[in-house]
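According to TrEMBL, the features are:
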- 1-405: domain 'Major facilitator superfamily (MFS) profile' (DOMAIN)
- 12-41: transmembrane segment (TRANSMEM)
- 53-72: transmembrane segment (TRANSMEM)
- 79-97: transmembrane segment (TRANSMEM)
- 103-121: transmembrane segment (TRANSMEM)
- 142-161: transmembrane segment (TRANSMEM)
- 173-195: transmembrane segment (TRANSMEM)
- 226-246: transmembrane segment (TRANSMEM)
- 258-282: transmembrane segment (TRANSMEM)
- 289-309: transmembrane segment (TRANSMEM)
- 315-337: transmembrane segment (TRANSMEM)
- 357-376: transmembrane segment (TRANSMEM)
- 382-401: transmembrane segment (TRANSMEM)
């Protein structure tokens, strides 16, 4: 007996699957990154404290394109599952490195853990794939929002992880990585059973052109809308990572307590993810470019506050919340442009992989450059450079928008 495939039901189930998998992956990454700096310092010395986050970003950049290629050959579920499995191997290598006190194994493990970050980034585009054309930004913003749970829960797994590790005869630093392995495998199982059939099979081929609509406008062979989205994502990510990376040290130099520093970063993370669904709905309703400009405006205002009043703990905290909100608006709306601008599914997947690669490279540059800049120019210099980069990118977006009007 034949039955009619219910696309609406499938879309709801697929989005729910992606949300659950995203939470599992984020918990796994949160658990690993929460103790990564301590592991790096323990094995390599205090000078290597930031290596965990750096190598995670490098790994995310390295895996962005390969995982996008797997989407084209085997579908979203297979690609994301491979990413989580690679991250599971990375977590296992991190445990091995801790037990053997091996620096090379630790480095390899941290790079492989970056595959989970690449997978989490890809999940937002998978959510856009299964969305109705009018709700793409809303869908991907919900998946971004789900990351909040991992960001909040992960750092709280250090103590219980240590107890679990001790119970099985491992170094206490290995505990959070055990949780990471379990969470990533949960994500794989959820994707395997929940994302069937794959969106590539269910969702019709995209952007079939007609004589009336024609093909999307292009700049150097790239859909112009996607290029605008990529630029917005990259500069907002560079700005956010650069400012966030140096804020704890800046606050410490100006006498802030650990409580104030922790509160500032927590509120910043809340700003990054808490309102992402609001920005997603706004992008669908009033236009993605409008929300990108809103994000840029918030970022510039926040950076401006850091230039003018860098010594005020209250101003720094409020500015960091603003940086998180501006990043969120730009990421959600920019991702929406990237997701919708390509002409075919093949082109869309390749552009999405390139966007994630660019985003991770921008984050790595921002994080690496901000430290020396803080040393020589202080927080006002870091924030001023961010304003200049945002202004230059705004000019580029305006120019591109004239070539191909974007809404």
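Glycine too: its Cβ is placed from the backbone N, Cα and C atoms.
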| query | Quick one: do the transmembrane segment (226-246) and the transmembrane segment (79-97) reach 3+ CB pairs under 8 Å, ignoring pairs fewer than 6 apart in sequence? | reply | no
| query | When only pairs 6 or more apart in sequence are counted, do the transmembrane segment (357-376) and the transmembrane segment (173-195) reach 3 or more Cβ pairs under 8 Å? | reply | no
| task | With a Cβ cut-off under 8 Å, give me the same-chain residues at least six positions beyond the ends of the transmembrane segment (103-121) that come close to it. | result | 22, 25-26, 28-29, 32, 36, 39-40, 43-44, 51-52, 55-64, 67, 79-80, 82-84, 86-87, 89-94, 96-97, 147, 180, 184, 356, 359-360
| Apart from its near flanks, which chain residues at least 6 from the ends of the transmembrane segment (53-72) lie with a Cβ under 8 angstroms of it? | 29, 33, 36-37, 78-80, 82-83, 86, 90, 107, 110-115, 117-119, 121-122, 200, 345-346, 349-350, 352-354, 356-357, 360-361, 363-364, 367-368
| query | With the transmembrane segment (315-337) as the reference, which stretch in 12-41, 142-161, 173-195, 289-309, 382-401 has the largest tally of C-beta pairs below 8 Å? | reply | 289-309
| request: Could you tell me the mean pLDDT over the domain 'Major facilitator superfamily (MFS) profile' (1-405), as a whole number? | output: 86
